[in-house]
Structures are given as structure tokens and as C-alpha cells.
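Taken verbatim from Swiss-Prot:
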DISULFID  31-81  disulfide bond
DISULFID  40-64  disulfide bond
DISULFID  56-77  disulfide bond
DOMAIN    31-81  domain 'BPTI/Kunitz inhibitor'
SIGNAL    1-24  signal peptide
């Protein structure tokens with residue numbers, strides 16, 4: 001197969017992976033929790049998984065408490081809940 005064909009195949013595979021939804025059976029249950037800012041008053045940038053658009057979104061975290069649907073980075077959220 002030519003390098004152009006391999007590049008096209010790689011592109012199509014990447015597109016397929018992006019468009020294929022993650023099965024909710026493989027997603028931890030806490031990914032379905034609503035974002036919980038916690039009981040403290042700090043304003044920390046955090047991310048949570050939103051099951052409606054099936055993606056990780058930013059929310060203001062208070063710095064303590066909250067629930068498990070709370071991630072420091074969007075990459076961590078995506079690895080855990082979005083696939």
C-alpha cells in the first residue's frame with residue numbers, strides 16, 4: 001500500500017474513533033453525576049463529564065468536597081469518562 005493510502009486509512013480510522021460514542025457500560029457511574037462545586041470558597045478551574053453532549057466541560061470548583069466527577073485537566077476527564 002502506498003504512503004498516501006496509509007495516510008488516508010489513518011485519517012479515516014482517526015475520524016471513526018472520534019465519532020464513535022463511548023459505551024455507557026464502560027463509563028464509571030460517577031461520570032453521570034452533576035458537577036458539585038464543594039463547600040469551600042476558592043474558585044479553581046475544574047472539569048466534569050456532561051453526559052448530554054457527551055463531553056467534558058469546565059466548571060468553577062470551590063476547592064474542597066464535591067464529588068468524583070471532578071478533574072484537574074480536561075485530558076484526565078476525557079480519559080476517564082469520555083473514552
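A Cβ is built for glycine as well, from the same backbone N, Cα and C atoms used for every other residue.
Where Swiss-Prot records a feature, it is marked here on the structure.
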residue: 31; record: disulfide bond; DSSP (3 states): helix
residue: 40; record: disulfide bond; DSSP (3 states): coil
residue: 56; record: disulfide bond; DSSP (3 states): strand
residue: 64; record: disulfide bond; DSSP (3 states): coil
residue: 77; record: disulfide bond; DSSP (3 states): helix
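The C-beta environment of residue 40 (disulfide bond), restricted to residues of the same chain at least 6 apart in sequence and closer than 8 Å, consists of 62, 63, 64, 65. For the domain 'BPTI/Kunitz inhibitor' (31-81), the model gives a mean pLDDT of 97. The distance from the Cα of residue 56 (disulfide bond) to the Cα of residue 81 (disulfide bond) comes to 8 Å. Of the listed disulfide-bonded residues, namely 31, 56, the sparsest CB environment within 10 A is found at 31.
For residue 31 (disulfide bond) paired with residue 77 (disulfide bond), the C-alpha to C-alpha distance reads 9 Å. Looking at 64, 77, 81, the disulfide-bonded residues in this record, the fewest other C-beta atoms within 10 angstroms of the C-beta turn up around 64.
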